[in-house]
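Pulled from Swiss-Prot:
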type: ACT_SITE; residues: 106; note: active site, nucleophile
type: ACT_SITE; residues: 131; note: active site
């Protein structure tokens, strides 16, 4: 019986490269990593965040002065996992250019906006969605109160950071993240989440 990750890894294409020493085969993501391209695809969770952080740190050690390109197609996910990626993006020396392909929702949208100013992009038919962090804790009343306070603190922090990255006033961000707020690529540019819609490579 094969699990989902076995099936997924079997579906990852391999590319063959000619070198002076003969042929070398890579999975497609490793080959793109050589071009300083990282894919952030699917739910943002701890394991995925660790892999993204490791790739960012590796590319920094390879060339601290060359840009890194982070392609995002994500419905969002864990705030703490997302923050691990975000903090690393801000911490490393290379500029991180972000590109939304498909969708960047919730924490995906936050990471999209967290790219280097002037180097954040959407492809024309991608969608972006911002909202407040989701709660869902169950337990004793006192524990629920503790978690509610924590979520409120996270919400305020994320709104402040989003205001900084977009140039929108804090009260506008607070209003706009109160419910699921979907945007087209053009609307995401107008809002300040990204800097341009890319239709063709320049």
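Note that Cβ sites are derived from N, Cα and C of the backbone, with glycine treated the same way.
Here residue 131 (active site) is positioned 6 angstrom away from the residue listed as 'active site, nucleophile', judged by their C-alpha atoms.
Figure note: comparing Cβ neighbours within 10 Å for the active-site residues 106, 131, the maximum is reached by 106. In this structure, residue 106 (active site, nucleophile) belongs to neither helix nor strand by DSSP; it is coil.
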